[in-house]
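S.K.: Got a structure for you, questions after.
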Amino acid sequence: MLEILLIISPIFIIIGTGFAAVRTGVIPIAAIDGMMKVILTFGFPCLLFSKISRLDLAAAFDPALFVSFYTGALSCFVLGMLGARLIFNRPWTDSVVIGFAALFTNCLMLGVPITARAFGPDTLGPNFAIISIHSPICFLVGITAMELAKADGQFSAASLKLITREVVRNPLMIGLAAAFIVNLSGLTVPSPIMDSVDMLAEAALPAAIFGLGGVLTKCEPKRAFGEAAMVAGLSLIIHPLIVIGLATGPMHLPLEVTQSAVLTAAMPSGLIAFVFAQLYGRATGAAASAVMFATVGSLITAPIWILILRQLGS
């Protein structure tokens, strides 16, 4: 266990450094916001383009992988939404936000570096396969559920337009689309352009991890502790439990794919959950608390899951 803690501790040290830098005023939060804007607009799209344009899609895109991961993710969305409604007596619009926090895993910002450090960079193919459809699925589910909740179950053309706009305008979606076009067409990207993309890609994750710590200063838990604890439990325990059950059972995934899928599922709620709450002005306190609780909790649960996954291969 100590060895595992030493492997992943640099990631959480960088998060803590970013948090402390903003909290002490060494770096203003406005600077962090600007940096994260650059990362989300350019860094992450370049990272996705760099990896997925070179990915062996036939090997990585295993339907059993997607069934295992997204059955768990969607189950947590439903459980989170129903829990918020039935246990905490939240209105349906708030419940959708809380369910979305349990659905949207921090699979890129934390899942990729933690998996790489735990099992090696050569095991990241399943991670990027999951990531390639993660945002479209999550936004489709989240926005559809929210629009239905707002309209008392009626889905309008305006709702469809909103979903399309949010997905198409997302820089990550643009990076993914470009990556798939290059990969499937066999186009060769000129080396100066690809080298530039790779430079931005290499800088994205370390900067994002530091920025995550800074952004967490805006997500300090102030209310909705029960809802936040529920989301953390779903994200850190229930989701990976469902994935490992399916992956080692009916889906029969290979060991390396199982390890990547389960560890990705064990990541905390992504910051996009807070952004989603702000977009609709619903349950922002609960979303902020959930992101903070789950991120801090993953410091304990991630090493345990790594230990369990290593035991699978012994």
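Placed from the backbone N, Cα and C atoms, the Cβ positions cover glycine too.
Copied straight from TrEMBL:
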TRANSMEM  6-22  transmembrane segment
TRANSMEM  64-84  transmembrane segment
TRANSMEM  96-116  transmembrane segment
TRANSMEM  128-149  transmembrane segment
TRANSMEM  170-193  transmembrane segment
TRANSMEM  199-216  transmembrane segment
TRANSMEM  228-248  transmembrane segment
TRANSMEM  260-280  transmembrane segment
TRANSMEM  287-308  transmembrane segment
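Explain the structural surroundings of these features, please.
M.R.: Within its own chain, the transmembrane segment (64-84) has Cβ neighbours under 8 Å at 90, 94-96, 98-103, 105, 126, 129-130, 133, 137-138, 141-142, 145, 227, 230-231, 234-235, 238-243, 246-247, 251-253, 257, 261, 264-265, 283, 286, counting only residues six or more beyond its boundaries.
Long-range contacts of the transmembrane segment (170-193) within the same chain: residues 40-42, 44-49, 51-55, 57, 132, 135-136, 139, each at least 6 residues beyond the stretch ends and with a Cβ under 8 Å from a Cβ of the stretch.
Distant neighbours of the transmembrane segment (199-216): 11, 14-22, 27, 29, 32-33, 35-36, 39, 42-44, 46-47, 49-51, 109-110, 112-113, 271, 291-292, 295; these residues of the same chain sit at least 6 beyond its ends, with a Cβ under 8 Å from one of its Cβ atoms.
Remote same-chain residues near the transmembrane segment (260-280) are listed as 65, 68-69, 72-73, 93, 97, 100-102, 104-111, 114-115, 118-119, 123-127, 130, 135, 138, 142, 146, 212, 215, 218-219, 231-232, 235-236, 239-240, 242-244, 247, 253, 286-288, 290-291, 294-295, 297-298, 301-302, 305-306, 309 (criterion: CB distance under 8 Å, separation of at least six residues from the stretch ends).
Residues 1, 4-5, 7-8, 12, 15, 97-98, 100-102, 106, 110, 114, 118, 212, 216, 218-225, 227-229, 231-232, 235-237, 240, 244, 262-263, 266-271, 273-274, 276-277 of the same chain, all 6+ positions outside the transmembrane segment (287-308), place their C-beta atoms under 8 angstroms from a C-beta of that stretch.
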